[in-house]
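Undergrad: In case it helps, TrEMBL gives these features for our protein:
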type   : residues : note
DOMAIN : 52-87    : domain 'FAE'
DOMAIN : 103-183  : domain 'Beta-ketoacyl-[acyl-carrier-protein] synthase III C-terminal'
SIGNAL : 1-17     : signal peptide
Amino acid sequence: MLLPNCFLRMGAAAVFALESPPGSVALQKLQEHTTQGRQGRKARPLSEQRCDRTRGNALKANITTLGPLVLPVSEQFYFFKSLLFKKTGTNKPYIPDYKLAFKHVCILATSKKVLDEIQNNLELTDEYMEVSRKTLERFGNTSSSSIWYELAYLEAKNRIKSGDRVWQLALGSGLKCNSVVWKAVRTVRQMKRKPWE
């Protein structure tokens, strides 16, 4: 338990090394990585309501940090404009269209409720949510590891094309929120063995 706790608190990144034939090329290139969470606070039990609120705050902070790194300039402009010139009676800021930044989204598949909330708040289509919902349906709550099942699902369905950007979004221990953005270096061809085998 000590090692994972140290890794998470220090914002470490994991590297997966696979045996590949000489001269082979990687499938994905890491573009961005952001981590937000409850820093420096003692761990203590949270009620479900407080847990949801804290998780929501971590998610909001993470997305706000990631936005300027990945969104088109036009979306960044509208977002910051909405912060500066809030309309009277409107508490809801402009929600950037993250579909303009990513071809695929892999969201932590812990429950239907969480997926519904994220889909609603980020205004994502059912097509973007399919991979998360199918992973939840097939494997249940596998916590943050679900984002890797989701990436495997996209690869197995031949949906990853060269240049595609994939956003992996997960919530972790201590109610941290992590985002990783991958760019496909090459198109993923039909695999001989499915990742589910």
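Glycine is no exception: its Cβ is also placed from the backbone N, Cα and C atoms.
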Undergrad: Please work out the helix, strand and coil residue numbers for the domain 'Beta-ketoacyl-[acyl-carrier-protein] synthase III C-terminal' (103-183) from the DSSP assignment.
TA: 42 helix, 20 strand, 19 coil
Undergrad: Using DSSP, what is the helix/strand/coil residue split across the domain 'FAE' (52-87)?
TA: 31 helix, 0 strand, 5 coil
